[in-house]
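Everything below concerns the one structure shown next.
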Amino acid sequence: MDLSSGFRKGEDSNGLSSFMERAERFKTKSPTVYDQEYLIGFRGFLVIQAFLWVFLQTFVPVAVVASDDVTGEAYQLGLRKSLSVFFWNEYFLYGAVVFLSARSIAIPYIRNPKKEIVARSVMTRGIALWFPIAVSLAIIKIAFTATGGLDPVDGYVTVFKQATNNLSLTVPYMIPNTLAYFNSVFDMLWTTHEFELQAGSTAFPSQTMWIVNCIYSQSYTVYLTMIIIPFTRRKWRVQGAFFFVITAWWCESWAWYSITGLLFCDMVMTMDFKAAAQRGIPIHVPVLGRLQRKNGVAYRIPVWVPAGLCMIAGYTMQFLWVAWRPDLFAEEWKYHSGLYYTAGLNYLYETSHTAARDDIYLILLGFFTLLESYDFMQRFFANRFFVFLGKRSLSYFLVQSTMIYLVGIKTFQSMRGHNSFPGSVIVSFITSLLVTIPVAEAFYRIIQEPSKVLAHKSYDFITS
């Protein structure tokens, strides 16, 4: 009797121990291993820029580069033509997100080039994005239904837009019913072009949800391209990427950003890019060959020279379009092929897309060359604060616009009657920030991280 009782106790103890081990494995922690944390830190830097852009586009649109509002106070115009280009530039944000996504998602496969790694990446990415998107749009639907903020006549967002004469603010589309909600969420990971026309993006405050759709569709460009990396020569990969970029640029596809980001990942991880960049670029003259000193050491150009020239060229174009010829800011895209639309030139692209810009590409090309070459830049972006924000970047993106529209606009309207415009904007900024931080943290812990865990557990279940 004692023996059987002891056996049952041991059995119960083993069962409890096994259960605890399974629970420990299922803890909400990121399954991703970040071995290049400065990339996560740069993403955190973009979180700050994105918050500034959404807020200023809502309350002080004149201070935002390329906004539809072009007249205002002198200080607002001054910000538009100076700091806006550097610190709250929506085109830089879009380009950087696409570029950084391609730079990052190939790391696991290049580090360990096995078919299981590709399969895991492909199967988990959709789940890890779909649930946060679905929850975010559900919150938007419920919140604005309860507040009536999107009513086209007397909704508070509509009233705010009219009272401030904000031409850059678009009142979000109100998703009418559950079926429309489901379709809008489904299309976010299905549509391959006309991103900005889909309901999921137009219903999202600031109308920027399309970028998630863009990076998800572009991830398949990266997946299909990265699998050749272990099986082809380095020189061929660089040459092939060059022609891919030129072709994608002509077709006005975001793939030229994606392939360049993938090429950087390839060069950093398989071609010892950092060491080569720190040695400098040898000078070749067509007739004379490589220029050398008397002791046989080659003359080399520091890598910061071409990288700096790329950034200077990109920012110069941005400042010229913003300060001198704003009428030419969006003209370049017309001279590309009209992919999906016409056999002629691309006159309709920007009606349903945000163009991948040449000037932003040059800025990112120069910036990432510097970032991948120098330790001090990597240490700067790998600081704990930026990395902390970077890991929560999706949560901040999905939450901040909604909080600014729900809380920031309400605060501004309550303050504006008895306070100055700048004072009302400052109070709204502080209020929006104080609300966004805890809500984004809650979203990260309750939705984003469990979605990642669910995605990887689902893959493990399917392949077990």
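Yeah, the Cβs are placed from backbone N, Cα and C, and that goes for glycine too.
Note that TrEMBL annotation is computational and uncurated.
Over in TrEMBL, the protein carries these features:
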TRANSMEM  45-66  transmembrane segment
TRANSMEM  86-106  transmembrane segment
TRANSMEM  127-150  transmembrane segment
TRANSMEM  210-229  transmembrane segment
TRANSMEM  241-264  transmembrane segment
TRANSMEM  303-324  transmembrane segment
TRANSMEM  394-413  transmembrane segment
TRANSMEM  425-447  transmembrane segment
Fill in: Contact between the transmembrane segment (86-106) and the transmembrane segment (127-150) (at least 3 Cβ pairs under 8 Å, separation 6+)
no
Worksheet entry | Sequence-remote partners of the transmembrane segment (241-264) [C-beta within less than 8 Å, at least six residues beyond its ends] | 95, 98-103, 106, 214, 218, 221-222, 225-226, 273, 333, 336-337, 339, 346, 349, 353, 355-356, 358, 361, 364-365, 368, 372
Worksheet entry | Stretch contact, the transmembrane segment (45-66) with the transmembrane segment (210-229), Cβ-Cβ under 8 Å, 3+ pairs | no
Worksheet item: Residues of the same chain, at least six outside the transmembrane segment (210-229), with any C-beta under 8 angstroms of its C-beta?
Response: 94, 97-98, 101-102, 105-106, 109-110, 113, 118, 121-122, 125-126, 129, 133, 187-189, 191-192, 195-196, 198, 200-201, 237, 244, 254-255, 257-259, 261-262, 265-266, 270, 354, 397
Discussion item. Below 8 angstroms Cβ to Cβ, which residues of this chain, lying six or more residues outside the transmembrane segment (394-413), approach it?
Written reply: 47, 50-51, 54-55, 58-59, 129, 132-133, 135-136, 139-140, 143-144, 147, 149, 156-157, 159-160, 163, 172, 204-206, 208, 212, 424-425, 427-429, 431-432, 435-436, 439-441, 443-444, 447-448
